[in-house]
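Q: What follows is a single structure, and I will ask about it in a moment.
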Amino acid sequence: MSSPAEYYQSLPPISKVYGTLCLLFTAAYQLGVFDVVHIALIYRLAFSRFQVWRLITNFFFLGKFSINFGIRLLMIARYGVQLENGPFNRRTADFLWMMIFGAFSMLVLAAIPIFWTPFLGISLVFMLVYVWSREFPNAQINIYGLMTLKAFYLPWAMLALDVIFGSPIMPDLLGIIAGHLYYFLTVLHPLATGKTLLKTPRWVHKLVARWRIGAPAPTNNRVEPERTTGVAFRGRSYRLSD
């Protein structure tokens, strides 16, 4: 069995950095380093007083240290890591772009008063869960030892549990909307039409290559995604080069 340090080092880069930042922000808050009001998503302050950091920092706060915080962190460690090591293996730029696109989509949605929430970290985590559930739709998931269901239904089951436990519903919904938008543009629409509407920008690829983030993508015999056909929401399959 590997030590905690070895496990941490084995984590893929994007999930590791995001989970670490979420942990550090909550630890700093608990130690009184800052008040959460200074990192919350408040558009009036972000634009009228040029506190533009709010557009980013709000994604790194998952709440105070609690059971719910631990669950959100474990969701990153499980679903984010499985995505990055599985369907996005050697596609670090694509995974990073998924996170950026999701964050931008949530910022746009949160500008609508009915969707506004001061912290979008939970929404971004929920987006990871949603995309994971589409990539692994037939995986069997046991929820708190109470029920077993297919991964396809996991986001909705977790949404229902949050409602039962009195947690706000809007962060979960924003994550589902952003996740479905990404999945529609990168998987469902290409399956139906053969055209990809959303591609990872070149600047993201350059950023990943410049900072040597993750394993380098193969230059020869590249692994190309092979879209499944037939049933929608069936997930992607990947053909490995010989």
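The backbone N, Cα and C atoms fix where each Cβ goes, and this holds for glycine too.
Straight out of TrEMBL:
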TRANSMEM  17-43  transmembrane segment
TRANSMEM  55-76  transmembrane segment
TRANSMEM  96-129  transmembrane segment
TRANSMEM  141-161  transmembrane segment
TRANSMEM  173-192  transmembrane segment
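Tell me about the setting of these features in this model.
A: Away from its own ends, the transmembrane segment (55-76) comes close to residues 15, 18-19, 21-27, 29-30, 36, 39-41, 46, 103, 107, 118-122, 124-125, 128-129, 167 of its chain (Cβ-Cβ under 8 Å, at least six residues beyond either end).
Outside the transmembrane segment (141-161) by six or more residues, the chain places 126, 129-130, 132-134, 169, 172-173, 175-176, 179, 233 with a CB less than 8 A from a CB of the stretch.
Beyond the ends of the transmembrane segment (173-192), by six or more residues, the same chain brings 98, 101-102, 105-106, 109-110, 115, 117, 120, 122-131, 134, 155, 159, 198, 227-229, 232-233, 236 to within a C-beta distance below 8 angstroms of the stretch.
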